[in-house]
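All remarks here apply to the structure that follows.
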Amino acid sequence: MFKFAAAVILCLVAASSTLAQHNPHWWGNRNTIVHLFEWKWSDIAAECESFLGPRGFAGVQVSPVNENIISAGRPWWERYQPISYKLVTRSGNEQEFADMVRRCNDVGVRIYVDVLLNHMSGDFDGIAVGTAGSEAEPSKKSYPGVPYSALDFHPTCEITDWNDRFQVQQCELVGLKDLDQSSEWVRSKLIEFLDHLIELGVAGFRVDAAKHMAADDLSYIYSSISDLNIEHGFPHNARPFIFQEVIDHGHETVSREEYNQLGAVTEFRFSEEIGNAFRGNNALKWLQSWGTGWGFLPSGQALTFVDNHDNQRDMGAVLNYKSPKQYKMATAFHLAYPYGISRVMSSFAFDDHDTAPPQDEQERIISPEFDEEGACVNGWICEHRWRQIYAMVGFKNAVRDTELSNWWDNGDNQISFCRGNKGFLAVNNNLYDLSRELQTCLPAGVYCDVISGSLIDGSCTGKSVTVDGNGYGYIHIGSDDFDGVLALHVDARI
């Protein structure tokens, strides 16, 4: 009887722990993460203080923090080829990373690290040198900077059948040396790495290539890492937020459902379907049942995004910054509709899949520069600084914990809906104007459309909408308007 009771208690503790790993530990009503892809730590610290904190962003996903192989031309993907767990990359060193985490936490912006637990680097002729000066022999699976030897890896094999679980989880993803997460030594080094980041004050982790690791092995690792550091403002016994990269199009042998109890999961179907809709391949009217009605994961288990650093580089339905009008409409819908744990992308310009981040002649990443309106100008795209996007982060904060109501559509590509009595969104993706009275659900008053302008010193620099005592307002979105979306909320009342 005692053994049974003890087993039940252990199961309850494990279940409680995994549920806690779905909590992003946001400040107040903040609820949007931004991925500052390839930014330097010092620049992220400054961005937290000058822009992200004041604009109400909840957190930052940062690029991998540990030492990586140096590849010719310095493509972005070299960051995903580790050779040690030393915290030295082109983004900065450990001291700069720790300073960034502290400064961002101080202004209510949490840090989530993109971590590489699945693999080390790919093949390299001879001795490879890393960003911290460590040497490795990838062809021999020798990484003295950890240290790892060939005994710590799965046998070399290629993934040729994505419906073969063994290949997916024990062969080499695009030639990257595949770690054996069932090994006690490998587990100990991964846990040590994650614990060090927790000690420095991070709030959680984006787990790269999670589907290529057995869920049982990840469960062991997650349950073995430390609670968050209370010296950085986290409560006692708080568990790291975990969101896992699991690409599952609905017909995968290794499915997202194997991982969603361990932490949140990247909902790639969201990205694909929202791109289809706003590219005009699917009528917006069907978005009324968006979320679980489309076969997506439960809201609290889904990390949602319009694009990410990988799929924005692929041809297909996924939207990116190169289709700005549709991208801004999709992002507005993403942040207005009550589904998922939202992340927005902040990119650098690219012409091909391998383009390096903006860098100088010595191949050092350069800092973003801004024009007089705050937009980036020197190779950084900085979608998070587009007014239409950061304004919707504010919208999402203003309407947090409200329900969707009063859905309207024209049977095609014009839609609107309310978020409680705090927010209203309208979208026009037709080739003709949207001009009509619509229920906004807002209290009577005059509201600034935060898409076309900003509320500054009591005046709106863009469109304004007068809402009557019954909640109705006249909404106009021309087919040739710069933006095909209009957004009102209670914090933008004139």
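Note that Cβ sites are derived from N, Cα and C of the backbone, with glycine treated the same way.
Summary of the site annotation: Swiss-Prot records Ca(2+) binding at Gln169, Asp178, His212. Screening the candidates Asn105, Asn118, Asn276 against this entry identifies Asn118 as the one listed for that site. Of the listed candidates (Arg206, Arg419, Arg436), Swiss-Prot assigns Arg206 to the same chloride site as Asn308, Arg343. The candidate set comprises the disulfide-bonded residues Cys382, Cys441. Of these, Cys382 has the most other Cβ atoms within 10 Å.
The sparsest Cβ neighbourhood within 10 Å, among the listed disulfide-bonded residues (Cys157, Cys376), is found at Cys157. Take the CB of Gln169 (Ca(2+) binding site) and look out to 10 A: across all protein chains shown you find 21 other CB atoms. Asn118 (Ca(2+) binding site) is surrounded by 24 other CB atoms, counting those within 10 A of its CB over all protein chains shown. For the pair Arg206 (chloride binding site) and Cys48 (disulfide bond), the Cα-Cα distance reads 19 Å.
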